[in-house]
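Taken from TrEMBL, the feature Zn(2+) 1 binding site applies to Asp236, His238, Asp310, His494. Here TrEMBL flags Asp310, Asn350, His458, His492 as Zn(2+) 2 binding site. Taken from TrEMBL, the feature disulfide bond applies to Cys133-Cys143, Cys251-Cys256, Cys257-Cys281, Cys418-Cys466, Cys618-Cys622. What TrEMBL lists as domain 'Saposin B-type' is 93-184. The signal peptide annotation in TrEMBL covers 1-22.
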Amino acid sequence: MFANWSCVVLIFGVCCVMTCCGQRADVPGSPRRTPYRIDLAQYNQALLPRVRTLIEAVELAEEQYVPYFELLPEYRDRLSGNFLIDGFARARDAARCLTCMSSSYLFLSFYNETIVNGQGDTERVWTIAKRICRLLGFKHYLCEGIVNLNAEVIEYVLRNRTPFPEPEDICQIFLQEQDCVRDGRSITEAALYRSVDITPPAEVRSGMYSPPDAGGSCSARKPAPGTPLTIVHLTDVHYDPEYLVGVNADCNAEACCRTLPGLAPATNQTAAGYWGDYRDCDTPWHSVVDVMEHIRQQHPKIDAIYFTGDIVHHFTWNTSIETNEVAMRQVFDLMKHTFPGVPLYPVLGNHESHPANLYAPHNVEESYRTTYLYDFIAKQWADWLPIKDIQGTLAEGGYYTVRTPFGVRIIGLNNNPCFVHNFWLFYSLDYFMPQLQWLHDTLLQAERDNERVHILAHVPSYDDSCFIGWTREYRKIVERFAHIIAGQFNGHSHVDEFNLYYSRDDPSRAVSVAWNGGSTTTYTKLNPNYKVFQFDPVTFEPLDQETWMYNLTEANLTPDRRPAWKRLYTFKSYYQLSDLSVASLQRLVQQFAQSEQQLQRYWQAKQKYSDPLLQEGCAGTCLRNALCAIVRTEHDDERACELLYERAANTTATQSG
């Protein structure tokens, strides 16, 4: 998950995506006046000696930690209003960009003088990192945990990266969605990355896909003619073994609903609910069991389950390989017990690794690799997958392909290296490229074999939290093989959304669709859900999709009774569609652009009719962003969205005339 979860400290600069968290921002407001201009170099030079005084103190009381904003009285007026950063004209949020750049500058300055020009005292470096973290307003235990867990990786990256990183090298990745990048130096430049070698369609001898009754080769078990395949999409369980019912759920940290240092006693308003909590809380075990039991009872005929990752909780400062494995084993065992004989196709989430989000290149020193996790899942997934056949790619990077008993080919990706909070991206911007080339080659072989394909991944490639280096190449692959990709299925965002992939050369032409499973966790402000897809047994195109959920407010009123799961909607009926084809969905998003009322209904379904989010509401720019998110296939490519609104405006003008 990537939104509110992430008051995670970036140890390079010990900075946080603060505005996402809705707390601890350096900039209180933005009055309407001519914006101040901030010279970044002057600001950093003024900040460094003030921070040094606090950093180098032998010991500091908790109350002595103050935000950057309070350290520079001469900047108080400018930073409390509307300001711009000279040289960063593209930055969408100057406050977050400034904090990231300054935090990175401070840390790298202290690192250089301590390690490069000093005596190599790494302990001093990490003490400095923790104190910068505290200056940003984070709790002591969170700073201690995050720095201690990630320090070795950060040190390895700094020792081995050439050239040594600059602050903008860090912030342009970590804050990719905010375009926090110096003018003229952008991570969106294609020349920075290797490219996938794509075989043109003309070079494929067997031509395009044709269904079995037209000479295709999809054999093996198939349902009776006319009987759709039923596949359940589960994702983002986020099981918290230490969830404590009744504890204070308003903990003002990255994650809550367990015992934490200095946590105030709970009140009736702040007590964690029995079935989960709308605040920054993960899932208690009895809720994990409930969703599995409900699926088994409600859907007696299930042909397969797609599981798109994230079993482990959001307490990223307090994980270990051992505790992660215990949680994963417990959930996988529950799935095996609850759904005996049902094929399950799993992929990894960004929280499965230790530390969270870190999926290392295969060619770094052995102690830093993610081999331990790939070995673990090979054992856990052996009940579902032919491990001997996929051992090579599973050991290489946690990805695989298999042909299902009912005929469709599954490609299970590990695209977590693209997540912008993966520190290994600072070591190499394109180390994941071999997996993308493998994806292309696998699809090419599927095309030659006249197969249809479903692609499973955790992080939606179209999302701003997926690094542009992955997104751009993945988009090329999808467009090239759209005729055999019958569906894409993701998790990570926790919301009920879909995305249309548009042609790179023609933003008016959608070519493929990706579906997101939402989440069974309530993190954050969401109702639990899962999805059920009906697929054509020949083409494997989706025929319809159901979203099942329960209202958390209602469930917690009766903790002694199981939640009242209900079918929230079926996609075709809810949006009055004849089918779920790309063409139908393209017409649907055009309707969204022309009708704010219809777009509002989509937004409500996307938020799974969550009580707190419905209360907050969404209008104007918020709704426009919701629509643009559906049709934005690549970071900063707004052409499809602009075209939708342009056509909507033309239609309105024509009708008015």
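For all residues, glycine too, the Cβ spot is worked out from N, Cα and C.
Predicted automatically and left uncurated, TrEMBL annotations should be read as such.
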**CB contacts for Cys466 (disulfide bond) [other CB atoms within 10 A, all chains]** = 27
**Asked** Among the disulfide-bonded residues Cys133, Cys257, Cys281, Cys622, whose Cβ has the fewest other Cβ atoms within 10 Å?
**Response** Cys622
**Message:** Given a 10 Å Cβ-Cβ cut-off, pick out the one of the disulfide-bonded residues Cys256, Cys618 that has the most other Cβ atoms nearby.
**Reply:** Cys256
**Complete:** Whole-number mean pLDDT, the domain 'Saposin B-type' (93-184), equals 91
**Listed disulfide-bonded residues Cys133, Cys143, Cys251, Cys257, Cys281, Cys418, filtered to Cα within 10 Å of Asp236 (Zn(2+) 1 binding site)** = none
**Request:** Quick one: pull the CA-CA distance for Cys256 (disulfide bond) versus Asp310 (Zn(2+) 1 binding site), whole Å only.
**Result:** 17
**Fill in**
Rounded to a whole number of Å, the separation of the Cα atoms of Cys251 (disulfide bond) and His458 (Zn(2+) 2 binding site) comes to 28
**Request:** Give the distance between the Cα atoms of Cys143 (disulfide bond) and His494 (Zn(2+) 1 binding site), rounded to the nearest whole Å.
**Result:** 26
**Asked** Any idea what the Cα distance is from Asn350 (Zn(2+) 2 binding site) over to Asp310 (Zn(2+) 1 binding site), rounded to a whole Å?
**Response** 7
**Prompt:** How many neighbouring Cβ atoms, not counting its own, are there within 10 Å of the Cβ of His458 (Zn(2+) 2 binding site)?
**Reply:** 29
**Fill in**
In this structure, the one of the binding-site residues His238, His492, His494 whose CB has the fewest other CB atoms within 10 Å is His238
**Asked** Which of these recorded positions is closest to His492 (Zn(2+) 2 binding site) if you go by CA atoms: Cys133, Cys257, Asp310, Cys466?
**Response** Asp310
**Asked** Near Asp310 (Zn(2+) 1 binding site), meaning Cα within 10 Å, which of Cys257, Cys281, Cys418, His458, Cys466, Cys622 (recorded positions)?
**Response** His458
**Cys418 (disulfide bond): tally of other CB atoms within 10 A of its CB** = 28
**Request:** Tell me the Cβ neighbour count for Cys143 (disulfide bond), meaning other Cβ atoms within 10 Å of its Cβ, over all protein chains shown.
**Result:** 23
**Request:** Around the Cβ of Asp310 (Zn(2+) 1 binding site), how many other Cβ atoms lie within 10 Å? Please give the count over every shown protein chain.
**Result:** 31
**Complete:** A 10 Å Cα radius around His238 (Zn(2+) 1 binding site) captures, of the recorded positions Cys281, His458, Cys466, exactly Cys281
